């Protein structure tokens with residue numbers, strides 16, 4: 001299949017090189033190939049050697065779309081405190097004006113697609129595990145596998161042509177593609193190294209921070225704040241990200257499974273929470289706040305769910321999220337529909353209060369406009385937003401990095417989806433740092449909030465093999 005495309009690539013490459021010489025800047029060839037079925041995990045794993053710092057994996061919650069991006073044809077980085085969303089939008093728009101293709105935008109999630117994410121808070125940067133990460137990191141993959149409904153499989157090839165390039169650039173692209181597809185047909189062993197140690201980072205100090213937040217809430221300084229903490233795991237051998245993703249996919253069936261690599265590290269997780277989905281002029285978001293665990297039986301789990309629907313603390317926390325996201329949608333949409341009342345969303349390890357919101361998008365509003373306006377929702381930061389962010393900066397003993405931040409994709413027609421990076425961790429060689437948080441309101445109890453975070457660590461602990469007996 002790869003060797004059948006050189007004529008097609010060559011014609012477009014000549015056109016792109018010609019344009020690059022005229023404008024004295026790179027132009028990009030992008031083509032979509034319909035291919036036979038291929039395992040997305042094997043494709044992702046095949047890119048480990050060639051593209052360890054340029055990989056992205058995505059599976060949506062209803063398992064109708066899988067994306068695997070390898071290699072970088074074009075990248076956008078920003079370390080700005082302000083304007084990072086606008087910078088990404090501007091650079092993405094410029095890139096789209098330099099693409100030579102006959103089929104860009106024809107298939108959702110295929111062709112040139114922007115993959116990546118933003119950090120939670122650009123104003124809180126600390127030396128440590130996130131120090132090499134920018135405030136915004138996106139790339140258009142050189143090779144993008146797109147799978148719709150487990151049956152329609154597309155491979156998008158996108159590469160840069162510079163003013164001094166020659167037609168022979170196509171030969172190198174085809175050789176790279178052949179090698180990648182060959183490696184993606186090979187099986188690999190799902191590994192789980194032995195856990196050596198698990199370290200809780202200052203749990204008593206974190207509970208004290210929750211108490212301080214409750215005092216601020218009782219003084220009416222704010223209405224809600226979300227405080228997070230981390231744990232560190234050390235393993236006997238280097239962790240295999242593909243194996244972790246496979247386990248998350250198997251265990252967290254109704255979650256978005258994601259991963260992206262940056263400078264030898266992988267940020268990955270299985271989040272239940274959509275920030276925004278945009279398809280054409282329709283947008284939707286998920287209000288997810290208020291949590292409880294699952295029981296030892298289906299009946300016990302159902303009873304816990306009923307309790308959650310009636311619990312005042314969780315209902316108040318949930319309503320803050322619904323109100324804020326509804327207000328944002330009303331500013332960006334012509335029509336907005338909100339579920340009448342919350343439902344219980346049951347996951348493998350936890351249950352949440354869930355309210356769906358949908359809207360018809362105003363014609364001038366982009367997907368990234370939604371991301372900028374929504375982030376962070378009261379489910380991730382608190383309310384009022386700016387006051388909650390300042391409390392987080394003062395009380396949390398860590399830099400969240402990309403935890404609880406927007407992760408996602410955007411295609412040529414501005415279709416796409418962003419989630420928030422919950423139930424997640426940062427993998428670095430043989431070490432993993434996991435993150436979990438909870439919403440704190442006036443009647444919160446520090447010990448109960450601590451126990452809630454323990455539940456929220458479970459998906460990643462299970463996938464890594466670090467669960468307690």
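Count begins at 1; order follows the chain as displayed.
Cβ atoms are placed via backbone N, Cα and C, with glycine included.
Lifted from TrEMBL, the feature list:
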- 224: active site, proton acceptor (ACT_SITE)
- 273: active site, proton donor (ACT_SITE)
- 317, 452: Mg(2+) binding site (BINDING)
- 204-456: domain 'Chorismate-utilising enzyme C-terminal' (DOMAIN)
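Among the recorded positions 273, 317, 452, the residue whose Cα lies closest in space to that of residue 224 (active site, proton acceptor) is 317. DSSP gives residue 317 (Mg(2+) binding site) a helix state. Residue 452 (Mg(2+) binding site) has a Cβ environment of 18 other Cβ atoms inside 10 Å. Averaged over the domain 'Chorismate-utilising enzyme C-terminal' (204-456), the predicted model has a pLDDT of 97. Across the fold, the C-alpha of residue 452 (Mg(2+) binding site) and the C-alpha of residue 273 (active site, proton donor) stand 17 Å from each other. DSSP classifies residue 224 (active site, proton acceptor) as strand under the three-state reduction.
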